[in-house]
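Participant: One structure is given below, represented as structure tokens, and several questions about it will come after.
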Amino acid sequence: MTDSHAALLEALGVALPAELLTIALTHRSYSYENGGLPTNERLEFLGDAVLGLTITEELYHRHPDRAEGDLAKLRASIVNTQALADVGRGLTDEGLGAHLFLGKGEENSGGADKSSILADGVESLLGAIYLEHGLTVVREVILRLFGELLDTAPTLGAGLDWKSSLQELTAARGLGAPAYVVTSTGPDHDKEFSATVVIGEAEYGHGVGRTKKEAELKAAASAYKTLDES
């Protein structure tokens, strides 16, 4: 295990076997270029479920008076590609991207800082921690890594539904309905979407996500904050 991997495990606060950690950090692009090595996709699948359960349970207990719909929106503001990627960027001084095994093409195109890849990497690490240590330990890791998001999500207000809130704000100011211009990059199996909010003829916000919907929500959030502060 390298010193950089030791730093990553220190940031996570757990120990993992070298083989399991390697799988958790192996992106499919690296596997394709190196004879079909095991990738982190199965661990990502597992980690996604563990993360969703942990955040859902925590929100359920923290907010006993909130309706199911509000809890779902709170969870969506925490468990999404951008939030996961930001958590990944905060792991070690270099960020998670520096520890991932990426194919040369992906690495040369900036894959180490691509939100979708970082988000998948965080989930795969959580899956590995669950396999090695069980639910109690991975829950502790998740609550530490996502603690700030759990604390701030209820204070976002409009953030529970950025697109609707933006539309209400632009209508109140007589600016007309916001439009969303969406583009995508990357292969079909690993697309990243970019959305820009246009109101009138001016651009007000930009967002990136693993899906078109997520990119639009991020762009709406950015546009809302820009307008709200002007």
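The backbone N, Cα and C atoms fix where each Cβ goes, and this holds for glycine too.
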Participant: Out of Glu44, Glu57, Glu192, which one does Swiss-Prot list together with Asp120, Glu123 for Mg(2+)?
Facilitator: Glu44
Participant: When you tally the Cβ atoms that lie within 10 Å of each candidate's Cβ, which of the recorded positions (Glu44, Asp48, Asp120) has the highest tally?
Facilitator: Asp120
